[in-house]
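See below for the structure under consideration.
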Amino acid sequence: MTSSPIPSSSQPFLENEQQPTTPTKNSKKLALIPLIFIIFFEVSGGPYGAEAAIGAAGPFLAILGFLIFPFIWSVPEALVTAELATTFPGNGGFVIWADKAFGPFWGSLMGSWKLLSAICNLASYPVLCLDYVKLVFPVLGSGFPRYIAIFLITMLLSFLNYLGLSIVGYTAVVLGVLSLCPFWLITLFSVPRIDVSRWLSLGQMGVEKDWNLFFNTLFWNLNFWDNASTLAGEVEQPQKTFPKALFSAGIVTCLSYVLPILGTTGAVPLVQSEWTGGYFANLAAMIAGNWLKYWMEVGIVLSVIGLYEAQLSSCAYQILGMAEMGLLPGLFGVRSEWFNTPWVGILVPTLVALVVSYMTFTDIVSSVNFLYSLGMLLEFASFLWLRRTMPDAKRPYQVPLSMPGLVVMCFIPSCFLVYIMVVAHRTVYIVSALLTVFAIAWYFFMEFCKTKMWFGFESVDQDKVDDEIF
């Protein structure tokens, strides 16, 4: 099995051996608490945007979805991430896993699928922000003012990421607490109004269920657990920190959805058509008053900052990791001399996200989910193949299941991934097919560039790398 060169910073963790790192000034590692909140923002950022699940299928199925879906999807994805991120704690994450399992072509394809889906996800955050802000400033709802607002939000948030990953981590802690406060409050204020029978509603009579929107909303709100793996090379003691961070972030994420949805759906009569993006703010005014509505609208802005920063960090360090692996030219791995951040890796997703952000929010979500599904199917296959072919590799954290149990664990969420892809619209198929063709062409173009020596590519002694794995 051939495999692309992987630098020492991207190798599996070795017991009692210090992982080599790129010598840079002001290098700081992510600690546990900042990593928890970065993962929280990679996955969720709070229940903003979850309103569509109630509008698509009614309160009962939405509550059921946010209770059950984490166990059939989020837990398996988090367990896979915990094992592989601690075995291969380098920048690049899932790209390294696919590369080690199936070779550089599949590593590159994994990187392209995940990066494209992440950039689409990145572009959705300014759009989601404006869905709330326009309730206070209607002028930003359409036309030229909306375009200018998206541009300014995107550029300002990207600059914050440029200042450093440690700043992003501790900023995420503050933003996480502040953005969740309105939902804790709306849950408390809802308690005296709750009518339990409202939780059992399957939706209003005559309103057709939108299963595509329902499952895409659940999926979009509860995926991307593996994105933080691209930061593994920047995490303090990743073999110990990652499992703890994933478990803690999982609890925070699930509670942030279930409690506010239980409170609000039980407190007000169902008007299904109203449950669209931004409706939580209106509910805050109805249940507690305008002061909570305004706080919630401020909360979405804070949440979007956290979502954007976490997602952009993942994109940037994935690009850095791919450059370190030799899948991208070395120039993509250039770090800032001032802040030690991969500024090229930040710039490229920012520019692409600006273009994608002018799509509608629903189109963005569907495109994200389809590309991400392709990447996750490859990720599950890589996980199983690595467990089978590298049984003696050092695994600081190992999913406590035998091979048949692991197959079942991966099979259930894989069925859901296939369903998400099957119910996609024709436009999503066409866009995803074109992007996949582009990803394949990009790999062979990079290989051609290597033979022509048009760009510089990183490489290391692969024999030494293999010796370190076992």
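Even glycines carry a Cβ here, placed using N, Cα and C.
Under the heading region 'Disordered', TrEMBL lists 1-25. Residues or ranges marked as transmembrane segment by TrEMBL: 30-50, 57-75, 115-135, 170-191, 246-271, 291-308, 343-361, 367-387, 399-422, 428-445.
Among residues of the same chain six or more beyond the transmembrane segment (367-387), those with a C-beta under 8 A of the stretch's C-beta atoms are 77, 80, 83-84, 87, 94, 97-98, 100-102, 106, 109-110, 113-114, 116-117, 120-121, 124, 216, 219-220, 223-224, 226, 359, 393, 403, 406-407, 410, 413-414, 417-418, 420-421, 424, 428-429, 431-432, 435-436. Non-local neighbours of the transmembrane segment (246-271) in the same chain are 36-37, 39-40, 43-44, 46-47, 50, 54, 58-59, 62-63, 66-67, 70, 74-75, 78, 81-82, 176, 180, 183-184, 186-191, 193-196, 198-199, 201, 203-204, 221-222, 225, 280, 283, 286-287; each lies 6+ residues outside the stretch with a CB under 8 Å from one of its CB atoms. Panel annotation: around the transmembrane segment (170-191), residues 33-34, 37-38, 40-41, 45-47, 160, 252, 256, 259-260, 262-264, 266-267, 280, 283-284, 287-288, 292, 295-296, 299-300, 302-303, 305-306, 309-310 of the same chain, lying at least six beyond its termini, place a Cβ under 8 Å from a Cβ of the stretch. Among residues of the same chain six or more beyond the transmembrane segment (115-135), those with a C-beta under 8 A of the stretch's C-beta atoms are 48-49, 141, 146, 149-150, 153-154, 157, 220, 224, 227, 277-278, 281-282, 296-297, 300-301, 304, 307-308, 311-312, 314-315, 318-319, 349, 352-357, 359-361, 364-365, 367-369, 371-372, 375, 435, 439.
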